[in-house]
Amino acid sequence: MTNIRKSHPLLKIINHSFIDLPTPSNISSWWNFGSLLGICLILQIATGLFLAMHYTSDTTTAFSSVTHICRDVNYGWLIRYLHANGASMFFICLFIHVGRGMYYGSYMSIETWNMGIILLFAVMATAFMGYVLPWGQMSFWGATVITNLLSAIPYIGTTLVEWIWGGFSVDKATLTRFFAFHFILPFIIVALVMVHLLFLHESGSNNPSGLNSDADKIPFHPYYTIKDILGVLLLLLFLISLVLFAPDLLGDPDNYTPANPLNTPPHIKPEWYFLFAYAILRSIPNKLGGVLALILSILVLALLPHLHTSKLQSLMFRPLTQALYWILVADLLTLTWIGGQPVEYPFIIIGQLASILYFAIILIFMPMAGMIEDNMLKMN
């Protein structure tokens, strides 16, 4: 008799995705972050659901309702900080996941990669709207500044901004719709994740060597389920330590002041995970140019499969491109630091140089390095 997990219509899908899935035998711990992102998403939906039970999306009561959650709801403080810091964990895993894809050439599975870019945009949109909900100073001014960027769009910009605001400024209508979108988007993300996995399982997973691994596959369970559980335990250890010992470490003190449209904070900045893009936005003096650079900073990832010049997929055997890759990582860390600094000398020029370097490495230096390496290895 066939095992039920192989014959039942529903269990069969789970079996082919997480149990009997043929997986390359040599994938390293860098491949753990896909499952960690799944755990983060489940955690965010669960904690978010409980927060939504007590939160009110009204400008007069939003800030008080968050305070009420922290003070009066049983373990409300824990749920709130798990949700806030869970977002940080989500982005750490996301950046590593994308970075691993870039390093090992996983972007050559174009459908999976493009789906991942759509997911990245969706998660960033969700996180931005979530940051607005507590209705602190940084929530209000962050929402005002970022939504205002759309006014740079020629002809329809101003109308578009007022349409998104639901009025002539960020107000009750804006907060209500942001809450509605923040609630629905994670469920859309779950659907997108399923499509992402569908595309992934069409071609199978890549591996560190970048070579075809059809001849050397092992079942996902028990080998990689155990490996993933270890990753999950380490992630939870890190998250719980952060929540219990330094819950406000990654937050902004300004967000503990209720939103006041008449008082602008000295430094308006987003959460740490958006600082690199914010630095690129600020480094261009022109408003429309800045907005385009901001969008392109993520969208440039979609060009990677078309900019791949080497005959080798992975960077494992490509020292020149490896060096460029780590310079790019250092450059992104520099941009993250600059995004949190005031707009003054020397931060302006550092931000501009780091922004130029970011695009130059991806669009010019990496493709050139690929060709040089092929030449040196006599692979052309």
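Placed from the backbone N, Cα and C atoms, the Cβ positions cover glycine too.
It should be emphasised that the depicted structure is a prediction, and the values quoted were computed from it without experimental measurement.
Over all protein chains present, the Cβ of His83 (heme b b562 binding site) has 21 other Cβ atoms lying within 10 Å. What Swiss-Prot lists as heme b b562 binding site is His83, His182.
Annotation comment: Swiss-Prot describes His97, His196 as heme b b566 binding site, evidence class similarity to another entry. Neighbour list (His196 (heme b b566 binding site), Cβ cut-off 8 Å, at least 6 residues apart, same chain): Thr112, Met115, Gly116, Leu119.
Sequence-distant contacts of His201 (ubiquinone binding site), defined by Cβ-Cβ distance under 8 angstroms and a gap of at least six in the same chain, are His16, Ser17, Leu21. Here Swiss-Prot flags His201 as ubiquinone binding site, drawing on similarity to another entry.
Feature annotation from Swiss-Prot assigns transmembrane segment to 33-53 (among others); the stated evidence is similarity to another entry. Sequence-remote contacts of a segment are chain residues at least 6 beyond its ends whose Cβ falls under 8 Å from one of its Cβ atoms, and for the transmembrane segment (33-53) they are 69, 79-80, 82-83, 86-87, 89-90, 93-94, 96-97, 100, 182-183, 186-187, 189-190, 193, 228, 231-232, 235.
For 77-98 (among others), the entry in Swiss-Prot reads transmembrane segment. Beyond the ends of the transmembrane segment (77-98), by six or more residues, the same chain brings 30, 33-34, 36-37, 40-41, 43-44, 47-48, 50-51, 66, 69-71, 116, 120, 123, 127, 130, 235, 238-239, 242-243, 247, 250-251, 271-273, 301 to within a C-beta distance below 8 angstroms of the stretch.
The transmembrane segment annotation in Swiss-Prot covers 113-133 (among others).
Within the chain, the transmembrane segment (178-198) has long-range Cβ neighbours (under 8 A, six or more residues past its boundaries) at 17, 38, 41, 44-45, 48, 52, 55, 57, 112, 115-116, 118-119, 122-123, 125-126, 129-130, 132-133, 143. Per Swiss-Prot, the feature transmembrane segment maps to 178-198 (among others).
Sequence-distant contacts of the transmembrane segment (226-246) (same chain, six or more residues past either end, CB-CB distance under 8 Å): 29, 32-33, 35-36, 39-40, 78, 81-82, 85-86, 88-89, 93. Here Swiss-Prot flags 226-246 (among others) as transmembrane segment.
As annotated by Swiss-Prot, transmembrane segment applies to 288-308 (among others), with the evidence given as similarity to another entry. For the transmembrane segment (288-308), the residues of the chain that approach it from at least six positions outside its boundaries are 98, 102, 105, 107-108, 110, 113-114, 117, 120-121, 124, 149-150, 152-154, 276-278, 280-282, 355, 358-359, 362-363, 366-367, 370, judged by C-beta separation under 8 angstroms.
Residues annotated as transmembrane segment in Swiss-Prot: 320-340 (among others). Away from its own ends, the transmembrane segment (320-340) comes close to residues 99, 102-103, 269-270, 272, 274-280, 282, 310, 347, 350-351, 354-355, 357-358, 361-362, 365-366, 369-370, 372-373 of its chain (Cβ-Cβ under 8 Å, at least six residues beyond either end).
Look at Swiss-Prot and you will find 347-367 (among others) tagged as transmembrane segment, backed by similarity to another entry.
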Check your understanding: Can you check what DSSP calls His196 (heme b b566 binding site), collapsed to helix, strand or coil?
Key -> helix
Study note, to complete from the structure: Long-range CB partners for the transmembrane segment (347-367) (under 8 A, at least six residues beyond its ends), listed in sequence order, are 279-280, 282-284, 293, 296-297, 300, 303-304, 307-309, 321, 324-325, 327-328, 331-332, 334-335, 338-339, 341
